[in-house]
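The feature transmembrane segment is assigned by TrEMBL to 40-57, 69-90, 163-182, 188-208, 233-253, 259-283, 295-320, 340-361, 373-393, 399-419, 440-461, 467-487 (among others).
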Amino acid sequence: MEGSGSMDKKAIVESVPQRGFFGHPKGLFTLFFTEFWERFSYYGMRAILLYYMYYEVSKGGLGLEEMTAASIMAIYGSLVYMSGIIGGWIADRLIGTSKTVFYGGVLIMIGHIVLALPFGATGLFTSMAFIVVGTGLLKPNISSIVGDLYEETDGRCDSGFSIFYMGINMGGLLAPIIVGTVGQEYNFHLGFGLAAIGMFLGLAVYLATRKKNLGLAGTYVPNPLSLEEKKKVFTQIGIGSIIVAVLVAAGLITGALTLAVFTMTISVLGILIPAVYFFVMYRSPKTSAAEKSRVLAYIPLFIAAVMFWAIQEQGAIILAQYADKRTDLSFMGLDLQSSWFQSLNPLFVVILAPLFAWLWVKLGSRQPSTPVKFSLGLFFAGLSFLVMIIPAFGGTETLVSPMWLVLSFFLVVLGELCLSPVGLSVTTKLAPAAFSAQTMSLWFLTNASAQAINAQLVRFYREDTEIVYFGIIGCASIFIGLILLLFSSKIRGFMRGVN
Ligand code: GLN
């Protein structure tokens, strides 16, 4: 059944069986496992993609330059989170979140299947297009449905999001071990095939349990387009697409559209899109005075989150390269795979998330405010890069102990747990009511902007620039964290009652 904006929250919540998954609504089971498998496929693919791009052709790779491969990883990651804007819009105005999630999953699965086939670079770029759009449809919307399962006053909501965040990271933890091992030890395409199977399992869980567990959640269209609006919007989208297609074709034919130009375009968009978002929200007549103040408070938090994700996401690029090139992979009699290091971040999240949840509850009203937690996040992220300077002093001739990477991933997760779950919840609280539906997309834009900037940054990393590279980025993060700390009570004032 498809409803309209008038469907009230109470009817939705009542249609969802309120128990059945660790004391949470049964729908959480469906969303947990769908997202588990989606992340399994995404992080499994990411764990071997970099190596697939720069390994020599004789080793089953594409033989690209390392610097180029690193830039592509960042651009790709940025687009994956940027396209959430499209997903949010389609759900809000056309078909609702539930259907959008399903179509997203199908596109993602097709993307992985394309990579599983031996199509070389053409296959890679085709697959990327499918996965960018598919993830944009699925990722923010599945998170929104989590919010649909609970009454506004339901105290279980925050812990529901924590359980969901664990599902994300359990998928991310298993994937590099399974997909990474198969991809690196046997064949890259076989690895990508496993990612496709993962997404298939996610879709199967979703389809088999959706009706029974999710009830009306995600089936309504909050702000549907009228027939007239549809005509207008579709015409605009059509014309826009033709213009972009012509520009791209012209760029390709004349040779003006190089990878560097494309990368720069995405980097600029990564900064421009959130700026426009903020401007529109702030200027909208639908935004009240208190909400305007909160929009202003959100800006420094947004910038801090961008700095944080820039470091966190380099775990899959620069530190992945480091694992492959600079790390001694025989450790205590074990032969490690470089892709396995990608499991460290989700592993530490799964272990430490309950500890942090407990800590915040225990501290109660004495816990640090959101801006202070964000500055802690930046401090740990900065530290995670600064420690990588130490092994660099030993020169680049000898391989370093894998424990350096373990330490670095551990530190960044301490930061992630101060910033990421907190960021999700503060985003919903600071959002102007008229824009509430798009806030998930806005939060994911912090990651998109970070990776858009990374696409430029990662090109400066080389073995002989390590000390400067890790040093400058690490210090920048701590510096921004300090500024945030200095202004934290001022920012809290602008938050108007939100903590
Ligand atoms: N690792 C998290 C995820 O995959 C982080 C994404 C984010 O930017 N919030 O969901």
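Just so you know, glycine gets a Cβ as well, placed from its N, Cα and C.
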- Message: Check the transmembrane segment (440-461) against the transmembrane segment (188-208) for contact, please; criterion is three or more CB pairs under 8 Å, pairs 6 or more apart in sequence.
- Response: no
- Query: Honestly, do the transmembrane segment (373-393) and the transmembrane segment (340-361) touch, with at least three Cβ pairs under 8 Å and pairs 6 or more apart in sequence?
  - Reply: no
- Message: Out of 233-253, 295-320, 399-419, 467-487, what stretch is closest in contact terms to the transmembrane segment (340-361), meaning most Cβ pairs under 8 angstroms?
- Response: 399-419
- Task: Would you confirm whether the transmembrane segment (295-320) and the transmembrane segment (467-487) meet the contact rule of 3 or more C-beta pairs below 8 angstroms, pairs 6 or more apart in sequence?
- Result: yes
- Give residue numbers and ranges for long-range contacts of the transmembrane segment (40-57): same chain, 6 or more residues beyond its ends, CB-CB under 8 A. 63-66, 68-70, 72-73, 76-77, 80, 108-109, 112, 115, 124, 131, 135, 171-172, 174-176, 178-180, 183-184, 188, 191-192, 194-196, 198-199, 202, 316-317, 320-321, 324, 338-339, 342, 346
- Six or more residues out from either end of the transmembrane segment (467-487), which same-chain residues have a Cβ under 8 Å from its Cβ atoms? 300, 303-304, 307-308, 310-311, 318, 371-372, 374-379, 381-386, 388-389, 392-393, 457, 460-461
